[in-house]
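Enquirer: Below: one structure in structure tokens.
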Amino acid sequence: MQSVDSFDLNDIDTAIFDLDGTIYLGDALLPGAARLVGSLRERGVRTVFCSNNPTKSPTTYADKLTALGIGTDVDDVFTSLNSTVRWVTTTMPGATVFPIGEQPLIEALTAAGVPISDDPTRIDLVISSYDRTFDYRKLQIAFDALWFHRRARLVATNPDRFCPFPGGRGEPDAACITAAITAGTGVPCEAVFGKPERGLFDIIAQATGLVPERTLMFGDRLSTDISFARRHGMRSALVLTGETDTAMLAAAPEDIRPDVVLPRIDDLLAAHDDRRSA
Ligand SMILES: [Mg+2]
């Protein structure tokens, strides 16, 4: 880790931002977020946004950011939906899929021409996801396809255990549903998309042409955001406005520690401005 004062923004030409807990919490912009994004853009830094949350489409995120005062093009938003669809269409082309997920996942698969079915005798792939409409019927279909008919494979859109809410609450995320399926079937989940996995990095790198060592990833979660940066050679800034507090950071293994820690996201800017004016 390095001090925020020694971090030189001139070394950065692309910034990737996590959303929940980093740019906003719930429907409220976090302090300094709009100022930081605006200032980086003024400096010519390319800004893109990245979420593991598969319950919202990139368009929904772009609209939300724009409404919050950070004007954003849909092409600059990447989610676990992008990497999930890419994996299905390249690794299992033609596969019939049973998505345990919400409408944006179903729409993303349908738009890519992926056949969807809830018939366990036809399902080749079960996709476990963050699904607030999860019920026993879906669990039974997955169980039959994976265990009884022994024909389907299992993957998950994202590895997150919960999605953080304002006030410290949260919502059970994809990991809970994946655990229910693997507990019952004994079938392992063979791939997980979203941060920190390579699939999402490759999609962003291809779209932006980013150079990893000149890219800074901002995020609030060590196991996804910071790990994503560390695994793929990017620099990383942990914000303390979401999941991680200083005690969690102190207890974290070396391979998920960030380059810099920001109590507030625009602290990075303040340090840089102070140095420039000094
Ligand atoms: Mg987050």
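A Cβ is built for glycine as well, from the same backbone N, Cα and C atoms used for every other residue.
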Enquirer: Have a look through Asp220, Asp245, Asp255 and flag the one TrEMBL assigns to the Mg(2+) site that Asp18, Asp20 belong to.
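Expert: My reading of TrEMBL gives Asp220 as the candidate in that site.
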Enquirer: What is the set of residues, excluding Asp18, Asp20, Asp220, whose C-beta falls within 8 angstroms of the centroid of the C-beta atoms at the Mg(2+) site?
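Expert: Near the Mg(2+) site, the remaining chain residues are Leu19, Gly21, Thr22, Ile23, Ser51, Pro164, Gly219, Arg221, Asp225, Val239, Gly242, Glu243.
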Enquirer: What is the interatomic distance between the Cα atoms of Asn52 (substrate binding site) and Asp18 (active site, nucleophile), given in whole Å?
Expert: 8
Enquirer: If you compare CA-to-CA distances from Ser51 (substrate binding site) to each of the recorded positions Asp18, Asp20, Asp220, which comes out shortest?
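Expert: Nearest by Cα distance to Ser51 (substrate binding site): Asp18.
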Enquirer: In sequence order, which residues at least six apart in the same chain have a CB under 8 Å from the CB of Asp20 (active site, proton donor)?
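Expert: In sequence order, the residues whose Cβ lies under 8 Å from that of Asp20 (active site, proton donor) (at least 6 apart) are Ser51, Asn53, Cys163, Pro164, Asp220, Gly242.
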Enquirer: When the Cβ positions of the binding-site residues Ser51, Asn52, Asn53, Lys195 are compared with the atoms of ligand 1, which fall under 6 Å?
Expert: none
Enquirer: Beyond the listed site residues Ser51, Asn52, Asn53, Lys195, identify every same-chain residue whose Cβ lies within 8 Å of the center of their Cβ atoms for the substrate site.
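Expert: Here the nearby residues are Asp18, Leu19, Asp20, Cys50, Pro54, Thr79, Ser80, Asn158, Asp160, Gly194, Thr224.
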